[in-house]
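The domain 'Aminoacyl-transfer RNA synthetases class-II family profile' annotation in TrEMBL covers B:62-417. The annotation L-histidine binding site is assigned in TrEMBL to B:D131, B:L132, B:T133, B:R158, B:Q174, B:D178, B:R327, B:Y331, B:Y332.
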Protein chains: 2
Amino acid sequence: MPLLGLLPRRAWASLLSQLLRPPCASCTGAVRCQSQVAEAVLTSQLKAHQEKPNFIIKTPKGTRDLSPQHMVVREKILDLVISCFKRHGAKGMDTPAFELKETLTEKYGEDSGLMYDLKDQGGELLSLRYDLTVPFARYLAMNKVKKMKRYHVGKVWRRESPTIVQGRYREFCQCDFDIAGQFDPMIPDAECLKIMCEILSGLQLGDFLIKVNDRRIVDGMFAVCGVPESKFRAICSSIDKLDKMAWKDVRHEMVVKKGLAPEVADRIGDYVQCHGGVSLVEQMFQDPRLSQNKQALEGLGDLKLLFEYLTLFGIADKISFDLSLARGLDYYTGVIYEAVLLQTPTQAGEEPLNVGSVAAGGRYDGLVGMFDPKGHKVPCVGLSIGVERIFYIVEQRMKTKGEKVRTTETQVFVATPQKNFLQERLKLIAELWDSGIKAEMLYKNNPKLLTQLHYCESTGIPLVVIIGEQELKEGVIKIRSVASREEVSGGSRNRRDEVFLPFPDSVRNMHLLAEKLSSWLIVVEMNKHSLKMTIAACEY
Amino acid sequence: MPLLGLLPRRAWASLLSQLLRPPCASCTGAVRCQSQVAEAVLTSQLKAHQEKPNFIIKTPKGTRDLSPQHMVVREKILDLVISCFKRHGAKGMDTPAFELKETLTEKYGEDSGLMYDLKDQGGELLSLRYDLTVPFARYLAMNKVKKMKRYHVGKVWRRESPTIVQGRYREFCQCDFDIAGQFDPMIPDAECLKIMCEILSGLQLGDFLIKVNDRRIVDGMFAVCGVPESKFRAICSSIDKLDKMAWKDVRHEMVVKKGLAPEVADRIGDYVQCHGGVSLVEQMFQDPRLSQNKQALEGLGDLKLLFEYLTLFGIADKISFDLSLARGLDYYTGVIYEAVLLQTPTQAGEEPLNVGSVAAGGRYDGLVGMFDPKGHKVPCVGLSIGVERIFYIVEQRMKTKGEKVRTTETQVFVATPQKNFLQERLKLIAELWDSGIKAEMLYKNNPKLLTQLHYCESTGIPLVVIIGEQELKEGVIKIRSVASREEVSGGSRNRRDEVFLPFPDSVRNMHLLAEKLSSWLIVVEMNKHSLKMTIAACEY
């Protein structure tokens, strides 16, 4: 790289961007100006001299790596979510990351343009999945499954505008639970709301509220307000923005962009301000306009039944009938819901969190039929937990509190104070591994003892097993608690030592370790307050 | 659909395929024959009358859905693999499903053509990840991480020819463990082999063998045999096929397709037949040709040290130094290895399983440097568990044995023998859920008792809680063991019943349930042989 080797990195990037710019305005298409010729020469030199192009190392726009710190938080949250899904009898399932493009088209309304398509490399036209609901409906239709309660945790991809604020990315994880099948009304729907409550309570994110509405009430409201039927879905998508935009702006969008008559918009405006409990359902039954609409009445009837079941489940106080809830996706046909966290009073030093909805879902009775050659329907209702937002909230709280997480689960470190003890360490650590104990050592022939102990402190390993000349001679090993620095040794062939160490906080969740090693017997028992360790040499 | 509605489905598919066929041989490009005109008319009718095109519902070529049955097997195997990685102190990590295309190019040698590219939708050129190793190297370089022990479980995508035999798909799961950093020689390499042994033993797949070689020995062998240096990687890729092809065919490929002199190929042929233990390493040190090659000597020296450590780990008998092992991927620079299952004698009725390698890996000291602007190297060594093949083997064995798996974990079913007990069932099941008990009920207002009990039998739910008029009057609930059909009732306000039920096999792994419900106290305790249930009504 005789030429480029001399350029600092920033100059080099600016040179590249010059090379890539279009012909300058004064040039005709056929004749290139002098500076461009010079650049072309440079480009060919570049190719000749530079085997490895110095491209920028990054992840694709709108995506990111998940570091071990991220993964620990995620694992905990996903475990809680999945165990709730399993508690409700759901089966696991997975579908490919991409689908035939035609499987996904016309399912998402205005958002369809945000799909990632795969390049046509000969063969089928494919797109990355946009959610987990449409693949589930495709699965049901394809396998002629009429009944299924399943959960699905997986990545989905959307080419949204790159505002990576508050945890919105182009690649993100969804956690879905759905009940497919023809059942008596509102029983599965009520269970979906129960699951949302269990998960949001379990995660201890603070107080929350679940807004509930019904697509039939939304459509009925549009009809009685005078929205032309052809504009229903477009206006629905505007209403859906009410949680992020003021009514004034939504009204402007409906009137100016979507051509709705101002007086129609104002009639809608009156309704979407209404929210309340089951009494609002009763009130809407009496509404002079809404009560004239058959669809709306069906929706109201179902909501009334739903509230009855929610009361039996003991969660009615968490639910709010909210006429402003519309949900953006096209495929909903009945009850819809969305959970929001209620703003907790900002603590000192804590950034106010405005994260929008953290779980949502609804009934979609027509989607499976869209895939069935004969149009056979399978009614479905489900929910999606907004885990990415939840990850974000939990991470922010941990940051504020200065909480540290261990990114490994290592229980024991194998150390030596002497040189030339690699062989002994390797033998001992293999025994620990073979006994199911999580163990580490340094990959050095002769590490310093201080370096080894420092590694334990910085990574949070609670116990160190030490072997040196003295221990080898006596036929014992030494065990050290990293936190308290207490040491005990034991394991001589003549006696069995029982050792109590103060219980290290970091291993409070460690399970009973009772392991028989071939050369030492180490039994570690734990209760809430202490750690008892029995060390004895085994007879060969 | 006036026209198409009358056609049976098969006729309809054949019509579609006619519409899609190219012009017939007798037609000129400009003039269409009569049948094609008729078809064109039909096509436009199709568009006019058929809103929903009747496309074939399928997953993309080379991919498949994972059913709940698949998922249960996967979860068990992945749990074992991940817990082994954690036992060795690895941290979790994830990277996006796609990378900048330039991140992936020139890393995989001959296979690069198999990458899935994303469509250029404006913005960056992207490709789906092809393995987890290159994204890991990119992560290390991008974040300037010099030391890391991580595992990564995730999907990768390769557009391989669609021979979906023995569990090879275009979308598949990889489980990788890697150690990055500058350490004393062969200690991390030995740990990688230890991990492969622990996982393959733990999965109880039968006897296995790990073939080991070193890229420097492979290259040294090529050099002393007379392979021109420009052909090293191409010949390496041929040698890699020796586990699937006979030497005769590999030789043919090298000589005819890759232009190697026949006598050079024959010299290689002599070497690649050699395999054995540490004594073969010693023998190769004395080999008149190989011992003249500096690279080969370095590789042999490291293998000797490696065998020393493997002996301390107690796994040397599982390892075979095998000169035919070459590994296809370009990025390996040192030790390479591959685990194969040894064919177990075919049992009656069992299909012979030929699954090739089930785990593999090696040292790649140059890959991170390819991403670093200054070329700074981070030595790495790692392994990948071929979980898809392992899933396949385990599924086949279960099929042969007729083993059934439960796809849910539900512990208790809430049933009623009477009509109009929905409210009581909803109240009771909510209490069970709130107490962390996995519970289900039917979503029917008035299900038949037989239907409910049959559901438990077919899905393997071990316990039924029954509530009816009698129970409600007495203030008790009835508990029934599905397997033994024994019933007990308890929970009256005056006494506390202790009930022993025979232990159902299907819940052998169920943990202690000790839960206090608000209206009943149900304590379920389990040991290896029995299930003790205490039922008492609680005072309000």
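Start at 1 and count along the chain as shown; that gives each residue its number.
Backbone N, Cα and C define each Cβ position, glycine as well.
Unlike curated records, TrEMBL annotations are generated automatically.
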Can you see whether DSSP assigns B:Q174 (L-histidine binding site) to helix, strand or coil?
strand
Mean pLDDT, the domain 'Aminoacyl-transfer RNA synthetases class-II family profile' (B:62-417)?
92
For a quick check of packing: other C-beta atoms within 10 Å of the C-beta of B:D131 (L-histidine binding site), how many?
20
Neighbour count (Cβ, 10 Å) for B:Y332 (L-histidine binding site):
25
Taking the Cβ of each of the binding-site residues and counting other Cβ atoms inside 10 Å, which one has the highest number: B:T133, B:Q174?
B:T133
Surrounding CB atoms that lie within 10 Å of the CB of B:R327 (L-histidine binding site), all protein chains:
22
Should B:Y332 (L-histidine binding site) be counted as helix, strand, or coil on the basis of DSSP?
coil
Is B:D131 (L-histidine binding site) helix, strand or coil when read with DSSP?
coil
